[in-house]
Amino acid sequence: MIKLCREVWIEVNLDAVKKNLRAIRRHIPHKSKIMAVVKANGYGHGSIEVARHALEHGASELAVASVEEGIVLRKAGITAPILVLGFTSLSCVKKSAAWNITLSAFQVDWMKEANEILEKEASANRLAIHINVDTGMGRLGVRTKEELLEVVKALKASKFLRWTGIFTHFSTADEPDTTLTKLQHEKFISFLSFLKKQGIELPTVHMCNTAAAIAFPEFSADMIRLGIGLYGLYPSAYIKQLNLVKLEPALSLKARIAYVKTMRTEPRTVSYGATYIAEPNEVIATLPIGYADGYSRALSNRGFVLHRGKRVPVAGRVTMDMIMVSLGENGEGKQGDEVVIYGKQKGAEISVDEVAEMLNTINYEVVSTLSRRIPRFYIRDGEIFKVSTPVLYV
């Protein structure tokens, strides 16, 4: 057993990742490929190991948010196509080509300048480009057919750029009202038809995120982008209630009790601000996790953890590196007891979705903000096979 200096860790069940991939694979058309989205350190799960496992079990391409995230994967020996979904400045064009990382782009001037940069550098690699079409997200992308045609012409005229994909992004595919999703789909298809009428052969076409892939598998086109669903989390309660695909959460967050005390003497205040006052003989346990680890300060006096299969409340304010929980009056607990912060223990569960609802946010934020300083234990075939951590362990 690995002994951590600071006993808090994340368990990532790669068997669950495999199940989720296969569940989506069965749900979408056979011809549609799967792009595994591993941005934000794999939504907090760890991008390298999730990417490797996804590629082993059905994904053919990867997506990230930045060139830097892509380079991390390349340095780990991953050779599959990697698409940067976000905007990339021209200063990173040369680097992207050198590392064979595909960029999303949508501006004629950007295309021309990128080509000039690579021409001056006599780049040995042509830079792959996916054109981003804005059909209703209002974030990035071309917005008119005429604009799209000019971008395509600039791209096809370039000697150092190559066109390998075109995509859009649905903004409300996770909601019960499907009006905008269908409108976006119609608009995107009309853009593609417009290009075809110009005699332009289309590269890989993709539009579905997890929500759209589940709710509208007929929109899957050449490829879908599987993000939150890869990790066993649903994009929304609505998508989960459709009961079309069964997903299994891959992440658990755990810790061991660092210290236990019975609050027999005054003052019985707990944590900053003295917002919690313990009862006589109340047992308070300290856990080595705080808001610097991604456990939100908004859970102060509100959150719960699992101890010996029972829910126990957070006592007082969440601090940067530690929280305190109440084991109750004359409660039982000892240093070294395992506590589950997100996940299951003896039939009880605190789900990421529950925590997200408590915080008035979404599950994406809860997992993606988990700090890199927390060790990740990767589980495969029911056993821990790798530990990824910046913290020394013996």
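The backbone N, Cα and C atoms fix where each Cβ goes, and this holds for glycine too.
Mapped onto three states, the DSSP output places K39 (active site, proton acceptor) in helix. Taking all protein chains in view, 19 other C-beta atoms sit within 10 angstroms of the C-beta of K39 (active site, proton acceptor). Feature annotation from Swiss-Prot assigns active site, proton acceptor to K39 (among others).
Residues or ranges marked as N6-(pyridoxal phosphate)lysine in Swiss-Prot: K39.
The substrate binding site annotation in Swiss-Prot covers R139, M320. Remark: R139 (substrate binding site) has H169 as non-local neighbours, by Cβ distance under 8 Å and separation of at least 6 in sequence.
Annotation source Swiss-Prot lists active site, proton acceptor at Y272 (among others), citing sequence analysis. Taking Cβ-Cβ distances under 8 Å and a sequence gap of 6 or more within the same chain, the neighbours of Y272 (active site, proton acceptor) are G316, R317, T319.
Comparing K39 (active site, proton acceptor) with M320 (substrate binding site), their Cα atoms are 25 Å apart once rounded. Counting every protein chain shown, the number of other Cβ atoms lying within 10 Å of the Cβ of M320 (substrate binding site) is 10.
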